[in-house]
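Before any comments, here is the structure.
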Amino acid sequence: MFSTKALLLAGLISTALAGPWANICAGKSSNEIRTCDRHGCGQYSAQRSQRPHQGVDILCSAGSTVYAPFTGMIVGQEKPYQNKNAINNGVRISGRGFCVKMFYIKPIKYKGPIKKGEKLGTLLPLQKVYPGIQSHVHIENCDSSDPTAYL
């Protein structure tokens, strides 16, 4: 009886720690956060030149398929920059109590339903704009809170 309860509890804890979102990038077994490089660090609130980082950077190879983290609606395009550089693209997704902005992807669509784990788009070539940076998807909650626990 005790071992059954222990196994059940261990399963619940590992599920909770894994977060409710799907893996973001094809070819990755988990949502690994970008470490530090000369362009900064990928964790939430990492200091940037003028402000703290408002999202989390998930490692992903350029050209890789990017997946929806949860079931919801793609509600529009998001652009992280004021210019028209090669990586200035992304989407906003809302649903299941979540709202996120995902940057540096070429989405398959800018509006409409999407399911958790469904192809959302393709990672853009960050190296063209930031040589030496670790390629990644930027994901941030719409309310600027820390998304790390859901990853």
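Any Cβ shown, glycine's included, is placed from N, Cα and C.
The record in Swiss-Prot pairs Cys60 in a disulfide bond with Cys25, which is drawn from Cys25, Cys36, Cys99. Cys36 (disulfide bond) and Asp57 (Zn(2+) binding site) have their C-alpha atoms 11 Å apart, to the nearest angstrom. One way to see the shell of the Zn(2+) site is to take the Cβ centroid of His53, Asp57, His138; the remaining same-chain residues with a Cβ within 8 Å of it are Arg34, Gly40, Gly42, Ala46, Gln54, Gly55, Val56, Phe103, His136, Ile139, Glu140. The least crowded of the disulfide-bonded residues Cys25, Cys36, Cys41, Cys99, Cys142, judged by other CB atoms within 10 A of its own CB, is Cys36. Per-site Cβ counts within 10 Å over the binding-site residues His53, His138 peak at His138.
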